[in-house]
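J.: Submitted below is the structure of interest, expressed as structure tokens.
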């Protein structure tokens, strides 16, 4: 408990130095959109040439999706006390449907602002919140349904394409398997109009609160690249504001597409402000956590009014999506009594306790329409929480879980009637053979609203390795149609993840998401695999490291046994030693063939074909007499 | 290169102390078979009681599969210079079809024995090899087809059952999902007769060389628990004999069902002897690696005679299965020319080079019948190698790979004609959506001979995390019907794994194999998951750690943030803090209900039902007016 302390250094807080190192042999590039203020960031990895007998062969650079924001742009100076640059205000102003408020709308926010003791840790934000003008709906879904392509939509269209056409023209190796997408509708090229259609249809969302002006927009939907979320957040037991910002910058460095701030400690409000102001990715929260803090942890004392104020507080800070456990209804609760592990969702257990204590229906359900009114005034997206997700494989796909999912389907349609962007949260612990049933039921109940799952963990028996137990399930459900995968770290079930755990969780989930993209046949997804495998096969060690999801660890593992620089150009590694490398031998096989005169090569091939034909004539069997 | 050295301490070599620690709260038990010398080892994990309002509730111990051999039996004193106890000689003698030779049959073995310089590192084995009497076939398959249930078959039947009946009678929580097994035929209880039938049918093997008398038999087949293999072995660049034995004992501690010794260094022969004499699990090798050493790495210089002597050398040491790359035929080689990563199998590239150099068909293919003669005299099992496995997702499921697989199917049938136990090796790198096609094709081509795959890796872009990229594919192919999963460590593609990498690889693959067992609905597979989840839900922290695949890491992760002993009984962890734990809240929800008088409880339920009915009457919608 001793660790519960504000960071006394907030006013001298510095960015985590590891988060601002440029990636090796990589360049931050920006693709220009149709307007001067639309600049879409990507990372371009340059590769060495391949030496061949007939001269060096060019290997075009590989463009990869970049979630790291300005932190990896060496031309931008970072000061986390000032936050990131405001890149969206001009977009919002062009739409003319929002206004800058003169003060904060939340009572709690005003109290915090008035509290002089918090001055030392408060982020120094000078602007007031933005809100929809009276009667306006400012959600991306609302625009999409009116046929408007927003700047955010154009931004994500460019972002999703990753310069595919230019990469192909430059000659990247893009032979790719066709994939199997289980009914997804992924186009060859992502256009702004396609983005608009998908958002209008409810099949994708761009979480982009109008108060999160530092945001580089991204899209979540089954017809786009599979995304991953990383959770951060302090608890009553640990970590400072500076540490939480460092977890954010560290998480997005390794590929987190969104970050959820799940803080439950004393200074949630202040911590969140620091996080959002320094985040180029959407920030999600679970407002009920903070609401519970406000009633000293007594779930029974929660009220709609207090919760409402919390939503407004967070919406005006710029939270991009809210987890709302509105699908857990009174009549679902008895369905959990016989479960092996009851209710394991924090939000779910809070609401269940409230419902039981008051003998009343969940107030998030009865006030759902009121919540919609708040969401549409700031364009906060719903992430409909699965309060009854299974906490063990034993409880997977049971009546409680599916009962709630059906309610989430109803709520999705209500949210859509209000043009609120909506995603659906999913489990949890599910054995492999039940994952597809889960995905299919979600698609059916929620009419293809994006699914956002935690794992799922495919077994319960490996605490300390639950990034792996869940990475297996995550890859599979991503393939089946899940749009975003919420990471699980090695500390799941055991403790609060540290920075190293965050990285391990993120890399594991990048693997799962990318494996899903490959299996779905997402256009261009295999370019990076092909480039890395080509580098590997040609012993371009540096390129192999640089193309890896984690170049640092790949390099350091290699250097453990072969630390010298000369080994980076060696045609072997310590697994097999110099004489024995199979890739080297294959190269020799090819060289052997290449060294022959053309006529001789033809002769060899001819002999091979003869030999092959001869064996085939024998029915391909040598012991046909047996 | 400096590390290439024999261990000067071989004669004072000691067992790795970490490998001989008993597991926490665990007891080594032996289930008695029908004869006095059949004692089947298992591990029994004792659990604490659950405190309830009406007194303590008993939690029966959980029995788990135990590959760790005598090393974790505190009553046995271990001396790796003497090797493990001979437990199979009496079984072999009862069969009366083998004889103890007076000397070694391999020329190479005799030369090594005569070399005084090797004395210091030589394992001090005094007995001579055993071989089938002239004209006898001593394979398990041969006995099975004659209707004989061997002691090995009875041993594995008991082992696979894990005391399921007794566990159920003791009251373990065994509610389990039915699973989906894609045509597997898993019985509710494994009987010796079922084992015999499966071996006779070729659908399972017991790798058990008659010279590996230290072996605790195990079975590989799709209707049994999914198994995993761990690779060890030095290369020209690293590691001593003592280190290799330590990797063995460390690997089986964490769950390796078999170990492959892939050594390619100078003292392969001597290292192997130490490994086999100290191994309670089957040992596999790739004899072509050693054969190549004997011709100084010049593949063209390989001959059948030299290879034959190598097979006999290793068979008489007790190697349980041989990887033989006999399926790579001359006419397959041109199919690899257009591949992104050519031939990446070491054995495959050696044989391809040999074939090209001589313009001849692979001698392993042309001499396949001769190889069978050796296998049946010692009961060495075939592991038919996939020399053309894809080295990148780009090359997955191509004509080269499937062409070789078809040949492996032919060879399987030839091996079966000789009653040789046979498994088939598989890839490699395969995107998720092509894994099932691979498995199905193997089942069809090889008539359900057990499949044994390396991963597969589902993406190429994560060097340093290839235990994870491959763990995903391994879990899936295990579910689809693969019988044994060859582990991949974090060092794959980068360097020689150390002990920590071996452990990480093994645990990852135990997860994959177990996830597959759950998904297939293997009887009793969910007992451990249920017990761990129950412990987790009841805050029995020690039980949660002890039931984990890796109790040490689970405990240490927990202790990073909550090191005090009092936290081990705390009803929270550092993820959520004391007030906020969802499991704690759920417990409060249950307690709340339990505290009411019976009448009141009924009343609550009635109210809930009324409320539920009321909402259902409204069509379950609250905003039906919209």
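Any Cβ shown, glycine's included, is placed from N, Cα and C.
Heads up, TrEMBL stuff is auto-annotated, nobody curated it.
TrEMBL lists these features:
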REGION    A:1-23  region 'Disordered'
DOMAIN    A:22-99  domain 'ThiC-associated'
BINDING   A:231, A:260, A:289, A:325, A:345, A:346, A:347, A:386, A:387, A:388, A:389, A:425, A:452  substrate binding site
BINDING   A:429, A:493  Zn(2+) binding site
BINDING   A:573, A:576, A:581  [4Fe-4S] cluster binding site
J.: Helix, strand, coil: count each for the residues of the domain 'ThiC-associated' (A:22-99), based on DSSP.
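T.: Across the domain 'ThiC-associated' (A:22-99), DSSP assigns the residues as follows: 11 helix, 25 strand, 42 coil.
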J.: Determine the mean pLDDT over the domain 'ThiC-associated' (A:22-99), rounding to the nearest whole number.
T.: 96
J.: Tell me whether residue A:289 (substrate binding site) sits in a helix, a strand or coil according to DSSP.
T.: helix
J.: How many neighbouring Cβ atoms, not counting its own, are there within 10 Å of the Cβ of residue A:345 (substrate binding site)?
T.: 28
J.: Which of A:387, A:389, A:452, A:493 (binding-site residues) reach within a Cβ distance of under 8 Å of chain B?
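T.: Contact set vs B: A:493.
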J.: Counting Cβ atoms within 10 Å across all protein chains shown, which of the binding-site residues A:289, A:452 comes out on top?
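T.: Its Cβ has the most other Cβ atoms within 10 Å: A:452.
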J.: Taking just the CA atoms, what is the gap between residue A:452 (substrate binding site) and residue A:429 (Zn(2+) binding site) in Å?
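T.: Counting only the Cα atoms, the answer is 14 Å.
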J.: Name the secondary structure element type, per DSSP in three states, that contains residue A:231 (substrate binding site).
T.: strand
J.: So, three-state DSSP: helix, strand or coil for residue A:345 (substrate binding site)?
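T.: Its secondary structure by DSSP: coil.
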J.: Quick one: pull the CA-CA distance for residue A:387 (substrate binding site) versus residue A:493 (Zn(2+) binding site), whole Å only.
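T.: Their Cα atoms are separated by 17 Å.
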J.: If you pair up every Cα among A:231, A:260, A:289, A:325, A:345, A:346, A:347, A:386, A:387, A:388, A:389, A:425, A:452, the residues annotated as binding substrate, what's the maximum separation in angstrom, rounded to an integer?
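T.: So the binding residues stretch over 20 Å, Cα to Cα.
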J.: Report the member of A:347, A:387 (the binding-site residues) whose C-beta atom has the most other C-beta atoms within 10 angstroms.
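T.: Counting every other Cβ within 10 Å of each candidate, the maximum falls on A:387.
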J.: Over all shown protein chains, what is the count of other CB atoms within 10 A of the CB belonging to residue A:231 (substrate binding site)?
T.: 24
J.: Expressed to the nearest Å, what is the distance separating residue A:289 (substrate binding site) and residue A:493 (Zn(2+) binding site) at their Cα atoms?
T.: 18
J.: Closest to residue A:429 (Zn(2+) binding site): which of the binding-site residues A:345, A:347, A:389, going by Cα position?
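T.: Nearest by Cα distance to residue A:429 (Zn(2+) binding site): A:389.
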J.: From the Cα of residue A:493 (Zn(2+) binding site) across to the Cα of residue A:231 (substrate binding site), what is the distance in angstrom?
T.: 14
J.: Just give me the nearest neighbour of residue A:493 (Zn(2+) binding site) among the binding-site residues A:345, A:347, A:389, Cα to Cα.
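T.: Its closest listed neighbour, by Cα, is A:345.
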J.: Sort out the sequence-distant neighbours of residue A:389 (substrate binding site) for me: same chain, 6+ apart, CB within less than 8 Å of its CB, listed by position.
T.: A:344, A:345, A:348, A:401, A:425, A:426, A:427, A:428, A:454
J.: Just to verify: the residue among A:429, A:493 with the fewest other Cβ atoms within 10 Å, which of the binding-site residues is it?
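T.: Selected from the binding-site residues A:429, A:493 on minimum Cβ neighbours within 10 Å: A:493.
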